[in-house]
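Per TrEMBL, these features apply:
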- 1-24: signal peptide (SIGNAL)
- 25-313: domain 'Plant heme peroxidase family profile' (DOMAIN)
- Cys35-Cys111: disulfide bond (DISULFID)
- Arg62: site 'Transition state stabilizer' (SITE)
- His66: active site, proton acceptor (ACT_SITE)
- Asp67, Val70, Gly72, Asp74, Ser76, Glu84: Ca(2+) 1 binding site (BINDING)
- Cys68-Cys73: disulfide bond (DISULFID)
- Cys117-Cys309: disulfide bond (DISULFID)
- Pro159: substrate binding site (BINDING)
- His189: heme b binding site (BINDING)
- Thr190, Asp235, Thr238, Asp243: Ca(2+) 2 binding site (BINDING)
- Cys196-Cys222: disulfide bond (DISULFID)
Amino acid sequence: MAARGPALMQWLLAVSLLSLAANAQLSTTFYATSCPNLESIVRAAMTQAVSNEQRIGASLLRLFFHDCFVQGCDGSILLDAGGEKTAGPNANSVRGFEVIDTIKRNVEAACPGVVSCADILALAARDGTTLLGGPNWNVPLGRRDSTTASASLANQNLPPPTASLATLVSLFGRQGLSASDMTALSGAHTIGQARCATFRARVNGGDADIDPAFAALRQRTCPRSGGDGNLAPIDAQTPAAFDAAYFTNLLSRRGLFHSDQELFNGGSQDALVRQYSASPSLFRSDFAAAMIKMGNIGAGNAGQIRRNCRVVNS
């Protein structure tokens, strides 16, 4: 019986630590001691990546969004196995994995086994935004990497480009995000490009609520058939600059996706779209706040610190 005492104490301690981890709150100073140069390491790699290709800033912002909406912000989308990376909304679409690999290698060289891939992705998304002229914000850190990925949740939770306003509100609400959070976060479409397959129907007669000149412009590279992979800027005005032009486009019925134009189509978000178009500073502050809120999805989830972002530790 005496041997059970220490064993029981160890078991209780382990349970207590697991409980603390499950209820952990993210912190902007999480790595202040264990990896003090983390943010400068990530920023240096992102500066180089965006210098090589401006589009990558938008791609990593989108990658973070697609990660958070599935199992929380846990790096599950980075796993090669599990099918999440190739689920319907992600197939032939999400990109930037090689940049995350590079950052992870650099971070591991400085702080081995300390920083999660999920946190690296959160920082990369912020830096990609800032480097393209967007707002800066302090990123709360302390996420763990998942040991699973989910194709089914990706298919269920990620908003399609054909979504109605009601569907968008529902999908964002499922993640604890409000309709105004949704509209602010949709402003990420001020940067980046989209494949013809995602907007073909809208620009080729599928939507009445579209500026005819804009539809004709997009039809040049996105005909009724063929050219699925042809790219077009989501914001035709300033495609490589993070600004409020996306919302001005909506006022002119020049949203590239049906789901974009749904934000300004006689519904509940019309007033906010007008406000963001008139006040870029309001959009920037609301966007940063919504990114922090989205980044908290799944905070405290159990997991590991992956050595390689693409595979679960063996």
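Here the Cβ of each residue, glycine as well, is placed from N, Cα and C on the backbone.
Features as recorded by TrEMBL, highlighted on the structure.
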| residue | record | Cβ within 10 Å |
| --- | --- | --- |
| Cys35 | disulfide bond | 18 |
| Arg62 | site 'Transition state stabilizer' | 21 |
| Asp67 | Ca(2+) 1 binding site | 30 |
| Glu84 | Ca(2+) 1 binding site | 27 |
| Pro159 | substrate binding site | 19 |
| His189 | heme b binding site | 24 |
| Thr190 | Ca(2+) 2 binding site | 30 |
| Cys196 | disulfide bond | 20 |
| Asp235 | Ca(2+) 2 binding site | 27 |
| Asp243 | Ca(2+) 2 binding site | 19 |
Can you list the residues of the same chain, besides Asp67, Val70, Gly72, Asp74, Ser76, Glu84, whose Cβ falls within 8 Å of the Ca(2+) 1 site's Cβ centroid? Cys68, Phe69, Gln71, Cys73, Gly75, Ile77, Ser146, Ala149, Ser150, Leu153, Gly298
Measure from the CA atom of Asp67 (Ca(2+) 1 binding site) to the CA atom of Cys73 (disulfide bond) and give the result in Å, rounded to a whole number. 6
Thr238 (Ca(2+) 2 binding site), Cβ-centred 10 Å count of other Cβ atoms over all protein chains shown, is 18
Using C-alpha atoms only, work out the spacing between Glu84 (Ca(2+) 1 binding site) and Asp243 (Ca(2+) 2 binding site) and round it to an integer in Å. 31
Candidate recorded positions His66, Asp74, Pro159, Asp243, pick with smallest Cα gap to Cys309 (disulfide bond): Asp74
Asp235 (Ca(2+) 2 binding site) and His66 (active site, proton acceptor), compared by Cα position, are separated in whole Å by 20
Can you name the residues of this chain that are 6 or more positions from Cys117 (disulfide bond) yet have a C-beta less than 8 Å from its C-beta? Gly75, Leu78, Ile100, Lys104, Asp145, Arg306, Cys309
Going by C-alpha distance, which of the recorded positions Gly72, Cys111, Thr190, Cys196, Thr238 is nearest to His66 (active site, proton acceptor)? Gly72
The number of other Cβ atoms within 10 Å of the Cβ of Asp74 (Ca(2+) 1 binding site), counted over all protein chains shown, is 28
Out of Arg62, Cys68, Cys111, His189, Asp243, give those recorded positions positioned within 10 angstroms of Ser76 (Ca(2+) 1 binding site), comparing C-alpha atoms, in sequence order. Cys68
Nonlocal residues around Gly72 (Ca(2+) 1 binding site), in sequence order (Cβ under 8 Å, 6 or more apart): Ser146, Ile297, Gly298, Ala299, Asn301
For the recorded positions Val70, Cys111, Cys309, the largest set of other C-beta atoms within 10 Å encircles the C-beta of Val70
